[in-house]
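Below is one structure, written out as structure tokens; the observations come after it.
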Amino acid sequence: DQFDNLDKHTQWGIDFLEKYAKFVKERIEIEQNYAKQLRNLVKKYCPKRSSKDEEPRFTSCIAFFNILNELNDYAGQREVVAEEMGHRVYGELMRYSHDLKTERKMHLQEGRKAQQYLDMCWKQMDNSKKKFERECREAEKAQQSYERLDNDTNATKADVEKAKQQLNLRTHMADENKNEYAAQLQNFNGEQHKHYYIVIPQIYKQLQEMDERRTIKLSECYRGFADSERKVIPIISKCLEGMILAAKSVDEHRDSQLVIDCFKSGFEPPGDFPFEDYSQNIYRTISDGTISTPKQEGMRIDSKTTVGKAKGKLWLFGKKPKPQSPPLTPTSLYTSSTPNGSQYPIFSIEPVHYCMSDIKTGKPRIPSFRSLKRGMLYLQGPALEDFSHLPPEQRRKKLQQRIDELNRELQKETDQKDALIKMKDVYEKNPQMGDPSSLQPKLAETMSNMDRLRMEIHKNEAWLSEVEGKVAARSDRRHSSDINHLVTQGRESPEGSYTDDANQEVRGPSQQHAHPTEFDDEFEDDDPLPAIGHCKAIYPFDGHNEGTLAMKEGEVLYIIEEDKGDGWTRARRQNGEEGYVPTSYIDVTLEKNSKGA
């Protein structure tokens, strides 16, 4: 008798099933969005594959890239979870919910039909009952009317007979209605028993089975929901293990070595700065009080002439006249008198001044300017075929890498040539397989490529030998300068390279004892370096640092000293101003007989 409540309960069960399906759908969307965000994150931080620049592969970077790959696989597993939930749980729930609604509707319709049929039987029985009751009352009235007329002496016989016939008619109709009511009652009782003991229990049992199947389906979906997650746990664990292995692969010593190899320039460290004596005027005053004063006056040199001679020289990467020192006298060098008239040997400061003047004539090593400008030239300067715009060590590495690549290409071409020769032999032995002459163009092309690669390898090996020779020469010069660092052995460019021009060599030790003024005159009288070619500025250069020469784009300069492998070329303007300019900034044209000029 709880048909309505069961109707509500089965409807609640379907609503709960759809509610859980909605929950699974939202969980699937979360998993999909999570996987999408993870993939976008990995894509954002993954290195760009478009550029083929050789970047240092630090172990920490490699570990991070491996972690990104594992995270990308982890995102894939989240997508697998979402797909499994959508196929196994959500899709199954939606299909079952549709079938459940159809089955419930059918069972409820059968229950309503049974209830309507029972109500119809009850109405028929009730109608027959009321009719029987009404006919019985009419029969009683007819009997009372007959009895009253039968006892009435004034009533005629016809009236009594008529009342008797009416009584018999009503009595007969009451008997018929009684029989009909009894039949209807018996039928209703049978139908009612059948309804409550057979039809409705069967419908309720079907509803119960349907509700139990819904509960079982929910249980299976709960299990499938968990299994979808549990299936990917081993793969996710492997992803996490891969991240841990990537973390363990980080090697700080290897990263440090990569940094060293990447930024190692091959230049030698700056040399020691020379001692500059500013107390020589004090000792010169003391020397003026000795007996050598007249000789000094007699040997005095015109300072204007000396300064004029020094105008065209480079001093500390720039033009600066050298101060003149008074001549050295033997008396002032060896003796001095005391107030009591005794003499004792002394050593004047003039020899020290002479030595310092000798040191000042050469350019001290100040390659710090090189380290300031090298980065700018490396970033702005155009890349050359021989990598001369790079520091020696980096140039050596680039050349070695190019040689390795060319050797690999040469090996491929060699293998291809051998394969073509073998194929040609096969064609010559078996003409039906192919024409041997058809392979000749390809073979000639391969031989041409091999010759070209050999020439490239030879050219790069020559450059590599040049670089390695210069690096070794620098190491030897550094060793010799450490032994005797006070004597400058040659002229340097801003990068610390030496020239081979004998006109700028400092005189040997035998001339160091000569008169300092004569030495300066001899040094200053050297002719300027001859021009060995000319160049045209491709890019403008500011030349703020001392020893460099500013130039404008398109300006033409004279070349007086070639690049010695340090990236700098010595140039001169028409007005005589000299300085160093970046080799990568100019287009150099050398004269044919410049070496012998």
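Yeah, the Cβs are placed from backbone N, Cα and C, and that goes for glycine too.
What TrEMBL records for 122-166 (among others) is coiled coil. With a threshold of 8 Å between CB atoms, the same-chain residues lying at least 6 positions outside the coiled coil (122-166) that come near it are 173-174, 176-178, 180-181, 183-185, 187-188, 192.
Sequence-distant neighbours of the coiled coil (396-430) (same chain, 6+ residues past either end, Cβ-Cβ under 8 Å): 54, 261, 266, 386-387, 390, 436, 439, 442-443, 446-447, 449-450, 453-454, 456-457, 460-461, 463-464, 467-468, 471. If you look up TrEMBL, you'll see 396-430 (among others) marked as coiled coil.
The compositional bias 'Basic and acidic residues' annotation in TrEMBL covers 472-482.
Here TrEMBL flags 519-528 as compositional bias 'Acidic residues'.
What TrEMBL records for 1-255 is domain 'F-BAR'.
Annotated domain 'REM-1' per TrEMBL: 389-466, in sequence order.
As annotated by TrEMBL, domain 'SH3' applies to 530-591. Residue counts for the domain 'SH3' (530-591) under DSSP (helix as H, G, I; strand as E, B; rest coil) come to 3 helix, 29 strand, 30 coil.
Per TrEMBL, the feature region 'Disordered' maps to 472-530.
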